[in-house]
Amino acid sequence: MANKFTREYKLVVVGGGGVGKSCLTIQLIQGHFLDEYDPTIEDSYRKQCTIDNEVALLDILDTAGQEEYSAMREQYMRTGEGFLLVFAINSRESFEEIRIYQQQILRVKDRDSFPMIIVGNKYDLRGERVVSEQEGQALAAEFGTKYIETSAKTQHNVENAFYDLVREIRKEDKKLGEKVGGTSFANNNGAVKQMDVGDEDVQAGCCAKCIMM
């Protein structure tokens with residue numbers, strides 16, 4: 001086994017209620033689809049993986065989409081390093097909310113741009129689509145971000161969405177001249193840990209869940 005430094009990436013999944021944020025996260029972490037909708041308050045998950053031959057520890061915060069929890073948004077927006085902006089392609093309202101999330105993130109970060117990916121979820125329901133792929137791409141171009149369509153049910157592009165966000169954070173690190181940094185949602189004691197990582201460990205994932213009441 002060789003010692004390697006493992007970078008932790010603080011990813012935040014945001015979007016309106018019922019768009020499939022939790023389903024995307026659970027599909028990535030545990031490899032199964034949630035059949036029943038149970039509104040999330042705030043859940044945190046961790047997964048170790050390899051992206052472009054580099055080991056990464058994903059620290060993923062799955063957030064509440066319901067309006068009654070909107071007061072919590074600025075707290076996680078301050079600490080996130082990258083954001084998945086999720087809407088459902090069969091919901092025009094959820095698509096229109098993406099701009100609100102993007103503007104709030106930039107305001108909290110006091111930045112003109114920040115690592116984000118726009119995600120059009122529920123691709124398996126594309127027969128009920130009310131938001132075209134072209135509209136999603138146009139909004140992403142306006143924001144200077146990528147657009148990807150996913151299905152938590154069929155696993156379509158689920159890994160790609162999260163992994164592309166990590167790639168965007170790496171680009172930001174390089175642009176800012178940062179080698180490593182950040183903290184963890186799970187323990188807040190530092191983002192970079194020296195770990196013994198072997199070939200058999202690289203694909204292993206771990207999950208820790210906590211609900212903030």
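Cβ atoms here come from the backbone N, Cα and C positions, even for glycine.
Per Swiss-Prot, the features are:
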- 15-22, 62-66, 121-124: GTP binding site (BINDING)
- Cys210: S-farnesyl cysteine (LIPID)
- Cys210: cysteine methyl ester (MOD_RES)
- 37-45: motif 'Effector region' (MOTIF)
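Overlay of Swiss-Prot annotations on the structure.
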residue: Gly15; record: GTP binding site; DSSP class: strand
residue: Lys21; record: GTP binding site; DSSP class: helix
residue: Thr63; record: GTP binding site; DSSP class: strand
residue: Tyr123; record: GTP binding site; DSSP class: helix
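Averaged across the motif 'Effector region' (37-45), pLDDT for the predicted model comes to 67. Each of the binding-site residues Gly15, Gly18 was scored by the other Cβ atoms within 10 Å of its Cβ; the lowest score goes to Gly18.
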